[in-house]
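Below: the structure, in structure tokens.
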Amino acid sequence: MISLTDSQKIGMGLTGFGVFFLFFGMILFFDKALLAIGNILFVAGLAFVIGLERTFRFFFQKHKLKATSFFLGGVFVVLIGWPIIGVVLEIYGFFLLFRGFFPVVVGFIRRIPILGSILNLPFISACSGKMFSPSCPPGGEKGVGVFPWQLVVALLSFTNV
């Protein structure tokens, strides 16, 4: 069992509430107030969980500046009142920031009994294998990685279109 400090427990709660408010804000047709609260709680919770210094080091690494600018720019755009554009920017920035963790998450989900059997279905396994392959690291060689058109080709190859 992993032991958590009190500040990490608070951070988990803040992050959980942030994700809840973000989800609820999207369900309620991109409510500006709920999305703003969710953004603030999520970022504050992340800082509590991993620490303030490590949070800054994570977000402001040289190779992650583009992703950080999209994510924090999306948070800012939501705060000034354009929720749909801001959420799109945030999702893109979030994907760029955390894409190195996706293969680990997919591998973990494959070990969960019910979700693993769903993820190992031929259609889903091929798509997740192409998108989150550990052999294609983010920022790797030029031409390596998954682009949207490759995902469409993978989806169409399993449907008889």
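Any Cβ shown, glycine's included, is placed from N, Cα and C.
Going by TrEMBL, these are the annotated features:
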- 12-30: transmembrane segment (TRANSMEM)
- 36-53: transmembrane segment (TRANSMEM)
- 65-85: transmembrane segment (TRANSMEM)
Positions whose Cβ lies under 8 angstroms from the transmembrane segment (36-53), at least six residues beyond its ends: 7-8, 10-25, 75, 78-79, 90
Within-chain partners of the transmembrane segment (65-85) [C-beta distance under 8 Å, separation at least 6 from its ends]: 25, 30-32, 35-36, 39, 43, 59, 91-94, 96-97
